[in-house]
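*Asks:* Annotations for this protein, taken from TrEMBL, read as follows:
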- 66-209: domain 'Glycosyltransferase RgtA/B/C/D-like' (DOMAIN)
- 67-87: transmembrane segment (TRANSMEM)
- 96-114: transmembrane segment (TRANSMEM)
- 120-138: transmembrane segment (TRANSMEM)
- 150-176: transmembrane segment (TRANSMEM)
- 188-208: transmembrane segment (TRANSMEM)
- 220-243: transmembrane segment (TRANSMEM)
- 255-283: transmembrane segment (TRANSMEM)
- 304-327: transmembrane segment (TRANSMEM)
- 333-353: transmembrane segment (TRANSMEM)
- 358-377: transmembrane segment (TRANSMEM)
Amino acid sequence: MGNKETYIFTSAFLLLAANLLIGNNFTSLWSGAEAFLAWRAAQGQAGAHLAEQVLALTQTGAGLDLIAWRMPGAILALLSGVAYYIFSRRLVGQKVVLYTLALCASSLLLPNLAKLGTADIWGMLLPWLAYAALIRYLKQPEWSWQLGFYIVFALAIGAAPLSSLVFIGGAAAWLYFLHPDGQRLWRLNPWAAGLAIAGIAHLAQWLAWDSYAFYFSGSWGRYLLFNFLGVLPFLGFVASGVWEHFQRLRGKEEFAVLYAGGLLFALLGQSLALQPILAMIAARQMQNYFDERFPYRGMVKGGGVLHLVAAACGLILILIGGFFLYGGAGFRAGLAASGLYWALSFVAVIGLVGLNRVYVLLGTFFSGILLTTFFWLQFSPLMEGERKWVQDITEGAAGYDAVWVGQEGGFPATAVYALQQNSKTAVAETPERAQEVLEAGPDNTLLLLPLEWMGQADTSGLELSAGLLNPFHPAIWVRVPLE
């Protein structure tokens, strides 16, 4: 590995570490899973999800410490990179492992999930590491790798039980029947181990089967769309890799069997581990692209050009949307983020056409990494100007006898901030419940409701204050004053 490549990898991983920390302290809670977990943690009601238990440990003070709340995801992402390097370096080579990790850093999904205080990043990385440990044991059936697999698999089940059991159990069965050394898995027996771990944890009430701790669960459309968007910076390599592996599956070529099984059962289990598995597939394509015998250069270049055209269209839309929402500041933020993304994607295409490895690595890795960086540095502060309204207005909640927050869609982050000021905060899950509070609730009550909930309600004599519950979601404070 040359000096230029070493510099590129070092810069990419340093930028990833910075991305995982940028803005975590001033970015408000996101409504939905993150807000719901923070709500439960603040009331000492953390559930059995592994991620939820760890997140609850970070909240020891009276207020919500956002840096500590989001730190476990960042630490997990960095440690997972180290663990994957240990599991896979001897099997696929150091360069392919580094390509895989750099592509994960370039993903538009993985680093951003690592910045959230939810179970998503846990459900992505721990099953992926369990699969890497499974492959390592398959190739080197020693007790140390067997123990390592059991530990990581147990953590994966704690993070995402159902998807992990389907993913790892199905992939192990695939390898057992199709891989030449598949019989070695009988001694490992991941099927019995998985059921035993899940059964014991369930009986001990250490396991949560529902999906409230995740943003990505249940919806196939959302799952496939965001995984597709996540691999956009290296879409050409993913397309050629998936095609090649399934073509070579007919001859039971080893890596085709290994990666196709992981890809298939990650999809069937709707596991978020699909994202790093696609990075694994793309990394081998990136390594082989510069071999003159590589047969899929046209597909890689075609994917790169199509991505470049799509990125140009996206750039125009982002500039228009940024200006419409935030004026000149939004236009400049959009130009800084998406303009740099397009320029680096263009560098990658030049490298693909000219067979310049440095250009390909530079453009592919840094397009996604810097887009994430500039989003959190440029766009997030603009959005925060609107989202922080709920924090500012809840500062006066302590003087009320009751505080109610309307829930439209995901669990409202506003409820968490109100709870920090007033322990008598509750959530109204329907407009009818909010109307009951308006009509029969106690005096000196404070309500935050989505604007559309007001309908034809009589608001005479009430104090109203409008703002945004979330970006693009108008809301209104309704104060029921003392008689």
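Every residue gets a Cβ built from N, Cα and C, even glycine.
Would you situate these features in the structure and describe their surroundings?
*Replies:* As a summary of secondary structure, the domain 'Glycosyltransferase RgtA/B/C/D-like' (66-209) carries 120 helix, 0 strand, 24 coil according to DSSP.
Residues 49-51, 83, 119, 122-123, 126-127, 129-131, 133-135, 138, 182-183, 185-186, 188, 190-191, 193-195, 197-198, 201, 206-209, 214, 257-258, 260-262, 264-266, 268-273 of the same chain lie 6+ residues outside the transmembrane segment (150-176) yet bring a C-beta within less than 8 angstroms of a C-beta in it.
Using a Cβ-Cβ cut-off under 8 Å and counting only residues 6 or more beyond its ends in the same chain, the transmembrane segment (188-208) has close neighbours at 47-49, 52, 134, 137, 141, 146, 149-150, 153-154, 157-158, 161, 164-165, 168-169, 172-173.
Distant neighbours of the transmembrane segment (333-353): 233, 236, 289, 297, 300-301, 304-305, 307-308, 311-312, 314-315, 318-319, 321-323, 326, 359-364, 366-368, 370-371, 374-375, 378-379, 382; these residues of the same chain sit at least 6 beyond its ends, with a Cβ under 8 Å from one of its Cβ atoms.
Long-range contacts of the transmembrane segment (358-377) within its own chain (CB-CB distance under 8 A, at least 6 residues past either end) are made by residues 4-5, 8, 11-12, 15-16, 18-19, 22-23, 27, 102-103, 105-108, 111-112, 115, 232-234, 237, 286, 289, 333, 336-338, 340-341, 344-352.
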*Asks:* Sequence gap of 6 or more, Cβ distance under 8 Å, 3 or more pairs: do the transmembrane segment (220-243) and the transmembrane segment (304-327) meet that?
*Replies:* yes
*Asks:* Going along the chain, which residues at least six beyond the ends of the transmembrane segment (67-87) come within the CB cut-off of under 8 Å?
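*Replies:* Hits for the transmembrane segment (67-87): 13, 16-17, 20-21, 24-25, 38, 51, 54-55, 58-59, 97, 100-101, 104, 110-111, 113-118, 121-122, 125-126, 128-129, 132-133, 135-136, 148, 152, 276.
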*Asks:* Near the transmembrane segment (304-327), which residues from the same chain, at least 6 beyond its ends, have a CB less than 8 A from one of its CBs?
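*Replies:* Contacts of the transmembrane segment (304-327) (Cβ under 8 Å, skipping residues fewer than 6 from its ends): 232-233, 235-236, 333-335, 337-339, 341-342, 345-346, 348-349, 352, 379, 382.
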*Asks:* To what whole number does the mean pLDDT across the domain 'Glycosyltransferase RgtA/B/C/D-like' (66-209) round?
*Replies:* 95
